[in-house]
Amino acid sequence: MTTPEQTTLARAAAEAQQKAAMAVTAPAYVSACPGAGKTYVITSRHLQSPWRLLRQGRALISFTRVARDQMARRCRQAGRADLVQAPHFIGTLDSFLWEFLVKPRRAANPAPRLLESWASIKAPVEGMDREISLHRFPMAVDPSQKEACESVAWDKLDYDTRQLIEASAYSRKAWEEKIFETRKSWCDQGYFTGHEARFLALWNLRNAKAAAGLVPPLRSRFSEVIVDEAQDCSAADLAILQLLHAAGLPLILVGDPDQAIYAWRGAEPQALRSFSAQLSPTPHQLTGNWRSSPVICRLAATLRTGQRPPDTSVVRDDDIPVLLLPTQFANSGSRHLHAPTGAGIVDFFRTLTEEYAVPAKDCLVTAYKYATLPAISREKPNTSAITSLAWAHAAAHSPGASGDDLTRACAIAVRVLFGYWYPGETGGPDSIMAAHRLSAGQVNRTAFAFLHSLPPPHKEWGPQVWQAMKAWPALPGAAPQGGKGRPAGKPTVSRPQAATDMRTNIIHQLKGDEADGVLLLLPDAGSVQRWATSDPVTDEVLRVWYVAVTRARRLAAIAVPEEETDALAQLLTGRQVPVRVA
Ligand SMILES: Nc1ncnc2c1ncn2[C@@H]1O[C@H](COP(=O)(O)OP(=O)(O)OP(=O)(O)O)[C@@H](O)[C@H]1O
């Protein structure tokens, strides 16, 4: 049990570390533990900016839109809306690279646009023995060569795409040529994604003439560029940042290497270590955890590299033990049962949160994969239009759907309706909207109203959707051509899921998030063995679990296969983590 005096001392020490980080001079690297207030420190540093009109601004760069919105919101709440506008910049790394290192060198026509992914437009790779959407082919940039090269990341294909490619008569080489040909035709029409933004940014910075046109404006615009969650930088991102640093742009990187969970996307913990040593020979450290209870700090320490002591819990004195829930996991679906009572695992978790007076609405349920989670099923990335629409319908009718899911649902409905109303038109929804002077509000309202009007999906849903599409009042400029744009086939209807009033999301979507209570579902046999014996330096799965448990403020619960509960209890008790098997 921590004494009040210890808590006061810990808080003062953590505040001093934060103040030092707020005052640090660029270039610098700040290394932080979970809940250290990275985002808080970065925004506070920005809020110290003087009121007068500045010639130079600061760029605050994050990896997620959630983090971006959080920083912008804090500035506005502090009455400093000026700090969200030019000359400042608050945004994702993709948008920063695009805005300052790619777009200035693109022709104005066709208008260059950065898409979140190729899935935002209908971009099929055609001319092979099967049609596969461009977004199903993840791409990689290798910055290690003098001329950076890009390739299709064949080892990262999802299961369905791999099956399709394996069954194709064409070789990977032939596919790769077609994929790049398709991609080029979209780039020629002005469309790019984060991958192209990286590749072109790197190319531009390595090309003396291009760099000479881009770097001076960037240096005169920004007195400082801060990158949050720097542990998620890919090798290409780091190569770009290195070049900016070498060109004299004052950089501050803030990161937590223990939370590096994007190795599969090319994140490079080792490359970050050497770059950060270049920026700050002795890094500035933030070791006070402003989020989690001492018990949760101890739990987290069992999942990270080295034998470092737990971080110091700065603001909490809860002593709720880690709750271990013996669980019978469903082989498919998410109807997992609490083994001793037979209750649904989320329902049982809810009764425990009540027992500890932790409000259920401030709790979240998480797992490595979407398939493990209750609540609405995830939009499968590579399905037919009718199945996507069925997912969109479920999302639009689901009270717990996230803003991101609703945006995606709306985009799907727009795509389906536009496919019917504007059949001959190439280009994504925004070029169709521009061509017919349609506002985003008008289009989104129409799409949502249409989604809401549809009956719940079932096997014979297709004809009903088609009738509804034909009957729906069309937007200006619509010129349907017979059956073009009719969504074919039957939807794969996701089973209705038990509603839960708790937020649910996969761990990779929880970066930067927090909740009073967190239930982590570990359905795989051998998880406890992995916890006990794997090394977080090399086993990213442990780091992913680390991110999950460090989202919790007061209560962490872990559901494991019932036969592994005792082993986990022993493991944690042996590491001085108080547990309760419930
Ligand atoms: N000095 C402070 N005073 C009060 N609350 C703070 C302070 N610093 C941070 N916090 C709070 O601690 C919590 C964690 O902060 P933040 O989300 O910025 O951490 P983080 O370092 O980005 O964490 P993570 O990397 O684990 O997502 C937030 O609720 C934040 O408001």
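Even glycines carry a Cβ here, placed using N, Cα and C.
Remember, TrEMBL labels are computer predictions, not curated facts.
A quick note: this is a predicted structure, and the numbers were derived from the prediction, not measured.
DSSP classifies Thr39 (ATP binding site) as helix under the three-state reduction. Around the Cβ of Thr39 (ATP binding site), 19 further Cβ atoms fall within 10 Å across all displayed protein chains. Taken from TrEMBL, the feature ATP binding site covers Ala32, Cys33, Pro34, Gly35, Ala36, Gly37, Lys38, Thr39.
Annotation comment: TrEMBL describes 11-293 as domain 'UvrD-like helicase ATP-binding'.
The region 'Disordered' annotation in TrEMBL covers 478-497.
The binding-site residues listed here are Pro34, Gly35, Gly37; among them, Gly35 has the most other Cβ atoms within 10 Å of its own Cβ. Mapped onto three states, the DSSP output places Ala32 (ATP binding site) in strand. With a cut-off of 6 Å between Cβ and the nearest atom of ligand 1, the binding-site residues Cys33, Pro34, Ala36 reduce to Pro34, Ala36. Annotated ATP site Ala32, Cys33, Pro34, Gly35, Ala36, Gly37, Lys38, Thr39; additional same-chain residues within 8 Å of its Cβ mean position, judged by their own Cβ, are Tyr40, Val41, Asp256, Leu286, Asn289, Trp290, Arg291.
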